[in-house]
Amino acid sequence: MVDAFVGTWKLVDSKNFDDYMKSLGVGFATRQVASMTKPTTIIEKNGDTIILKTQSTFKNTEISFQLGKEFDETTADDRKVKSTVTLDGGKLVHVQKWDGQETTLVRELNDGKLILTLTHGSVVCTRTYEKEA
């Protein structure tokens, strides 16, 4: 099922991203720059390992993980988190935990688009990606 997510995805729409970053404690200047960028997400699979790369003019990040196994992650806004990614009902569910806080990043496919729903407390952000040829 993970195979359906494999590919290169370009951001085409974003809703409530600034509020989401604000809830995480991201500073004003960083939020301004991050809000303007249109990142590309590259999802690859190598055996049991999934590689998720995010590339933009703001910052490039890369994580490698196996489903259901906790790993250390440094986020684009430099949070040091414990992350776990699972496959749940056709959705990739990525949970980040740090300092007693938790945020959830859910990736799902809908009409050929990758929908990323970010949740931190009561703040929900939706980012839509289209697959590049």
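Glycine is no exception: its Cβ is also placed from the backbone N, Cα and C atoms.
Database features (Swiss-Prot):
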type    : residues               : note
MOD_RES : Val2                   : N-acetylvaline
MOD_RES : Thr8                   : phosphothreonine
MOD_RES : Tyr20                  : phosphotyrosine
MOD_RES : Ser23                  : phosphoserine
MOD_RES : Thr30                  : phosphothreonine
MOD_RES : Ser83                  : phosphoserine
BINDING : Arg127, Thr128, Tyr129 : (9Z)-octadecenoate binding site
BINDING : Arg127, Thr128, Tyr129 : hexadecanoate binding site
BINDING : Arg127, Thr128, Tyr129 : octadecanoate binding site
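Features recorded in Swiss-Prot, as mapped to the structure shown.
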residue : record                          : Cβ within 10 Å
Val2    : N-acetylvaline                  : 13
Thr8    : phosphothreonine                : 16
Tyr20   : phosphotyrosine                 : 22
Ser23   : phosphoserine                   : 19
Thr30   : phosphothreonine                : 15
Ser83   : phosphoserine                   : 19
Arg127  : (9Z)-octadecenoate binding site : 22
Thr128  : (9Z)-octadecenoate binding site : 16
Tyr129  : (9Z)-octadecenoate binding site : 23
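Only Tyr129, from the binding-site residues Arg127, Thr128, Tyr129, place their Cα within 10 Å of the Cα belonging to Thr8 (phosphothreonine).
Thr8 (phosphothreonine) carries a strand DSSP state (E or B). Candidate recorded positions: Val2, Arg127, Thr128, Tyr129. Nearest to Tyr20 (phosphotyrosine) by Cα distance: Arg127. You'll find the Cα of Arg127 ((9Z)-octadecenoate binding site) roughly 16 Å from the Cα of Ser23 (phosphoserine). Neighbouring residues of the recorded (9Z)-octadecenoate site, listed in sequence order and excluding Arg127, Thr128, Tyr129, comprise Trp9, Leu11, Val12, Asp13, Ser14, Lys113, Leu114, Ile115, Leu116, Thr126, Glu130 (Cβ within 8 Å of the Cβ centroid).
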